[in-house]
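Since the structure comes first, as structure tokens, the remarks are kept for the end.
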Amino acid sequence: MSVRHFLSFMDYSPEELIGLIRRGSELKDLRNRGVLYEPLKSRVLGMVFEKASTRTRLSFEAGMIQLGGQAIFLSPRDTQLGRGEPIGDSARVMSRMLDGVMIRTFAHATLTEFAAHSKVPVINGLSDDLHPCQLLADMQTFHEHRGSIQGKTVAWIGDGNNMCNSYIEAALKFDFQLRVACPEGYEPKAEFVALAGDRLRVVRDPREAVAGAHLVSTDVWASMGQEDEAAARIALFRPYQVNAALLDGAADDVLFMHCLPAHRGEEISEELLDDPRSVAWDQAENRLHAQKALLELLIEHAHYA
């Protein structure tokens, strides 16, 4: 059986993705009831971080421990990846010592190159193009609060970044309509727009995007690596702040999500995370449970003599 990776939602069928978020909720219930479940005993996940993170490291490391395994944190200072060793060579060596590798990186090509030479599953913990693990958590959170997202309308407000690209893939797999409100020149990548077809509508007015929407989501205006553009972006994106008044134009049962960390007073108003329509804290927690479902699926379970 060939090894499976998780680099993009497009690698999986809708049924598989729905199964993952349902399994995430089941594992969450086991955890909340104090049930010990350790199918990955003695398994080791390598976590390669070229980009810093709080939620990604915590959720994967805690997830592996809760499933009975272990996780090893590797920064660019800890590996030859940061000092010029060919990515394929690193993949060949690491996959002989580990049972899975999670990579949080800049260039998406780093992931595809690593996966092409790895004998163990490779998971996209984030790239400049996509953030599929976050979308698993988002879809699980919506399902827990509102049921199926099929046929619903989702609004993305702000930069057409990696999160926006992943929402496009989610729209195709989970069968919902996506509206993106962004300034001209900050649309999602053309390849994702083309992929979306009639599932996507790009508009300039955030009020148009949220009208009747069942889910509204946003992200920071300047992502990691864009610090030099931050001041200009803040000025340009100011009309795209998500606040209570904007949410009032959405569906009565709208949910608000933010992948965090949030810049209160910028992409969201100061109080929005505390609004009863916000499920950002559940969304953050579900990174743990959704990724445990993913680890359980991808990494070979322990065998007992």
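Counting starts with 1 at the first residue shown.
Keep in mind that glycine also has a Cβ here, set from the backbone N, Cα and C atoms.
Shown in sequence order, F6, T56, I123, N124, G125, L126, R287, A290, Q291, L294 are the residues of the chain, 6+ apart in sequence, with a C-beta less than 8 angstroms from the C-beta of C133 (carbamoyl phosphate binding site). Secondary structure from DSSP puts C133 (carbamoyl phosphate binding site) in a helix. Marked as carbamoyl phosphate binding site by Swiss-Prot: S53, T54, R55, T56, Q80, R104, H131, P132, C133, Q134, C259, L260, R287.
Residues near S223 (L-ornithine binding site) in space but far in sequence (CB under 8 A, at least 6 apart, same chain), listed by position: D159, N161, N162. Taken from Swiss-Prot, the feature L-ornithine binding site covers N162, D219, S223, M224, and the record attributes it to sequence analysis.
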Quiz item: Quick one: Cα separation, S53 (carbamoyl phosphate binding site) versus D219 (L-ornithine binding site), in Å?
Solution: 15
Quiz item: Using a Cβ-Cβ cut-off under 8 angstroms and a sequence gap of six or more, which residues of the chain neighbour D219 (L-ornithine binding site)?
Solution: G158, D159, N161, M163, C164, H258, C259, E267
Quiz item: Should S53 (carbamoyl phosphate binding site) be counted as helix, strand, or coil on the basis of DSSP?
Solution: coil
